[in-house]
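What Swiss-Prot says about this one:
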- C126: active site, proton donor (ACT_SITE)
- K22, N23: phosphoenolpyruvate binding site (BINDING)
- R102, R131, P132, V133, D134, L135, K172, V173, S174, V175, D317, I339: UDP-N-acetyl-alpha-D-glucosamine binding site (BINDING)
- C126: 2-(S-cysteinyl)pyruvic acid O-phosphothioketal (MOD_RES)
Amino acid sequence: MDRIRITGGNKLNGVIPISGAKNAALPLMIASLLTSDTLTLENVPHLADVEQLIRILGNHGVDISVNGRRESQGEAYSRTVHFTCRTIVDTTAPYELVSKMRASFWVIGPLLAREGRARVSLPGGCAIGTRPVDLFIEGLQALGATMEIDGGYINASAPKGGLIGAVYTFPKVSVGATHVMLMAASLARGTTVIHNAAREPEVVDLAHCLIAMGAKIEGAGTSTITIEGVTSLSGARHRVLPDRIETGTYAMAVAMAGGDVVLEGTRASLLDNALDTLRLAGVTISDTDTGLRVVRNGNGIQPVDIVTEPFPGFPTDLQAQFMALMTRSQGVSHITETIFENRFMHVQELARLGAKISLSGQMARIEGVTRLKGAPVMATDLRASVSLVIAGLVAEGETMVSRVYHLDRGFERLEEKLTRCGALVERVSD
């Protein structure tokens, strides 16, 4: 099993190319089930979750071809992937596939919309709290679907003639459920109005792609989205937006290690809140012609309190990385997690490196220390795993991160990108 070895102490200087967003690519790929034409996606990252979803879509009858190019040694792959689903050959998404990745559950929306039925296993993915599927079920029921849970599967069927547009208010904001409702409502009869919809850039990206396919959608990026159903969707060509979580992660890595790095192919508007928070911590961030420049030279890291919130608030997917940064701040900071109820699993691993963190419910208190010391640590989920890498960049000696398959789910060749900027990071196999 692979591990990541980090030898701390080096600053980061250079250019890091930002990949396409995993959290945008997955729903875009699933949208290929909505049309019998070809959907072409550019800037698709090469990640374990993407490859798993390719297998799942193939199970449903999607023909997939990949074109990749590598412009120079070490540069991230820029992949163009073509998805063609002439006929859906199977409306069942089996446990052995869906259990490995939560987002694969989202196929339930397009399958219902196009075929009128779906049998989908309850999902897997990161072990972050309960993450129930109630919001998905209730949203699709509002469109007329009949839903039944049986033996770990959801059996869903649309009314005769297809799903029916409706006005629905989510009881809480959910990115995944908003994705599913967008896709399902695009082929529903009549008009659907979604209130309390997620406003994340990935939702907007999906809406833009669906519109290019012929959907009629207004309001994406606001809390109210209106979808006028159409009888069919066509193919389209769409570029996956830059990964804002990867952008924020590398910005925090530079903040931790110090240095001067250009994050290429991204933009500040995707994560204004997180970047403003880093500025408060003492990091200089500016726009460039190709992306963002992140600089921290000499000045110490200032403590900053954060509360995770849906977009445009501070992203929960950057909480662990920011906690790692705060372990070296010149004071005490507090992090309140409001999105997931069990997203502090990285705390005990950061403590193994010398971090001083105490928990009280959904709040963490971080007392900055002057030094961290390398140790063997274990990744518990995707974002927690990269927080350990960030901490390892400044820890004295060697930090060995195990269970890095979590990293491979969401970060495209992380060790290579960091190494190109001067970090001592390598993947080792037992």
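Just so you know, glycine gets a Cβ as well, placed from its N, Cα and C.
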N23 (phosphoenolpyruvate binding site) and K172 (UDP-N-acetyl-alpha-D-glucosamine binding site), Cα-Cα, nearest whole angstrom: 19
D317 (UDP-N-acetyl-alpha-D-glucosamine binding site), number of other Cβ atoms within 10 Å: 22
C-alpha spacing of D317 (UDP-N-acetyl-alpha-D-glucosamine binding site) relative to K22 (phosphoenolpyruvate binding site), in angstrom: 12
The one of K22, R102, K172 whose CB sees the fewest other CB atoms within 10 Å, among these binding-site residues: K172
P132 (UDP-N-acetyl-alpha-D-glucosamine binding site) CB neighbourhood, other CB atoms within 10 A: 10
All-chain count of other Cβ atoms within 10 Å of S174 (UDP-N-acetyl-alpha-D-glucosamine binding site): 22
Other CB atoms, at most 10 A from the CB of N23 (phosphoenolpyruvate binding site): 24
Nearest-integer angstrom distance between the alpha carbons (Cα) of P132 (UDP-N-acetyl-alpha-D-glucosamine binding site) and N23 (phosphoenolpyruvate binding site): 18
